[in-house]
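Chemist: Input: one structure, supplied below.
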């Protein structure tokens, strides 16, 4: 059975996936923010992509917003959204049991490994993928959608012409420079409906917001660069070439929600993750508001 908390999370999100909003305009101070982001990128030795959407007036800030970046585990948001969308017309879908076999386990399975030779529901798999970044759970969602192409097809159906998922976990994390597989852009990442249903329909104190907020502490990533009084729900991702990503919905005190996407990748395959770069990018954005 699906727990009440997970059921609320899934049903609320599934009922509320909206269409993409119109093209935003740019902040007047975008140039100054972009200069600071460029300086950060230069000092980091990698390539940085940033997109901010302020939902109060649909304005945005972009830095390398239309360049492709490997998504890594941030792609789990789109996969979970696609399953939630299916559940709109298949009312019992989220309660459907999925068998977990020993051969299903891959490189990171903190939840699925506890259910080997048993089952998990699609709701539980979605929660495991989003909250714990469980890679076996992600693969089960992908299988439910007919393979990576099914996730991409969902992206096209909601108006995202940029997102593409080509492989399963863990190979989707190879992040090879110039490889278009399993990539998107910061602009598309911020504007897709898979983030907008969280931002528009989940409150920071609600079930969806709760799951996102409990994923990671404030020690790294976007959260570390923002005021501690701001509520943040995010999904991180990392892979080869020091690829370090974080996508977030942010509820600042006294402001409408913000959607912030930060992607970072490096030229060396064995480079370390750089969540500090994402924190610095978030700090630059926050100071520019």
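Including glycine, each Cβ sits where the backbone N, Cα and C put it.
As listed in Swiss-Prot for this protein:
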type: SIGNAL; residues: 1-28; note: signal peptide
type: ACT_SITE; residues: 73; note: active site, acyl-ester intermediate
type: BINDING; residues: 235, 236, 237; note: substrate binding site
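Describe the structural context of these features.
Modeler: Around residue 73 (active site, acyl-ester intermediate), taking its Cβ as the centre, 24 other Cβ atoms fall within 10 Å, counting all chains.
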Chemist: Determine, using Cα-Cα distances only, which of these binding-site residues is closest to residue 73 (active site, acyl-ester intermediate): 235, 236, 237.
Modeler: 237
Chemist: Does residue 237 (substrate binding site) have same-chain partners at least 6 apart in sequence with Cβ under 8 Å from its own Cβ, and which are they?
Modeler: 71, 72, 73, 74, 75, 76, 133, 173, 243, 244, 245, 246
